[in-house]
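In what follows, a single structure is set out as structure tokens and then discussed.
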Amino acid sequence: MPHARLCSCWGGRVLPLLLAYVCYLLLGATVFQLLEKQAEAQSRDQFQFEKLRFLENYTCLDQRALEQFVQVIMEAWVKGVNPKGNSTNPSNWDFGSSFFFAGTVVTTIGYGNLAPSTEAGQVFCVFYALVGIPLNVVFLNHLGAGLHGHLATLERWEGQPRRSQLLQILGLALFLTLGTLVILILPPMVFSHVEGWSFGEAFYFAFITLSTIGFGDYVVGTDPSKHYISVYRSLAAVWILLGLAWLALTLPLGPLLLHRCSQLWLLTLSQGCDAEKAPAGTHTGKGLQQQERPRLRCRTS
């Protein structure tokens, strides 16, 4: 019996979900390959052309010396040192940048552009993440539990007047709109202005960050040619924490809002149909009474 139930569960639920999951991955791989492979080949060819042109302009260098210099640049980049600029570039480990890094650790974003290079820093990062990641999860779950009480009152709204239901829907829609504006619209506008990105690039960075994907192709406060305020990256870390908290609060609200809107719309339609049927039913009842009265008089006579 347990074996039969396991086979039934696997065939009825798990297998279709697994097939859909694999198909979705294959679809993503195909689309990304079509969109990015040619651009990668063009970038690779352009880089090789620039290296050859550099060797032609500086004949004192040979191919081996250039490759060694490129290797030095790559090692510096892996350690978080931007090759552009000079030694006066802002530190990646001042307090603001360190606070930003700590936020990316506990939220599991992990851009990959900066990591501890010392053995002591790597060991501390491991234990810091072991405590910080569960703490972050507990914090977000606590916010979700705080919202659950408010959602429970919304789940018992069937007996409330229609005007009260409409006000609750408008309140939820206003909350979602303002939250989207503050978390996903205004910060990309600020990043676009400060970093020199387009709004699309800034919005892409915001989404990749708050979804905790964290590719690391766009990171705030890393351009050595710009002069940032000292708390810029700290404010970005605070925005990340607030954004994740807002997502934890609003993810249950979207389906609930759509469900309540559909319920209210169906209720309005049903009440409209009842209102149209009521006059006809009343008129028919009066007609029946008028037809029955003469018959009663005939019987009494």
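Placement of Cβ uses the backbone N, Cα and C atoms for every residue, glycine included.
The transmembrane segment annotation in TrEMBL covers 14-35 (among others).
The N-linked glycosylation site annotation in TrEMBL covers Asn86.
In terms of DSSP helix, strand and coil, the domain 'Potassium channel' (87-144) has 38 helix, 0 strand, 20 coil. Per TrEMBL, the feature domain 'Potassium channel' maps to 87-144 (among others).
Here TrEMBL flags 93-114 (among others) as transmembrane segment. A Cβ distance under 8 Å defines the sequence-distant neighbours of the transmembrane segment (93-114), meaning residues of its chain 6+ beyond its ends; these are 80, 125, 128-129, 132-133, 135-136, 209, 212-216, 219, 221-222, 230-234, 236-237, 240-241, 244.
A Cβ distance under 8 Å defines the sequence-distant neighbours of the transmembrane segment (120-145), meaning residues of its chain 6+ beyond its ends; these are 102, 105-108, 244-245, 248-249, 252. As annotated by TrEMBL, transmembrane segment applies to 120-145 (among others).
Marked as transmembrane segment by TrEMBL: 166-190 (among others).
Positions annotated as domain 'Potassium channel' by TrEMBL: 178-251 (among others).
TrEMBL lists 202-220 (among others) with the feature transmembrane segment.
Look at TrEMBL and you will find 232-258 (among others) tagged as transmembrane segment.
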Short question: which residues 6 or more past the ends of the transmembrane segment (202-220) have a Cβ under 8 Å from it?
-> 104, 107-113, 183-184, 187-189, 191-192, 194-195, 232-233, 236, 240, 243-244, 247
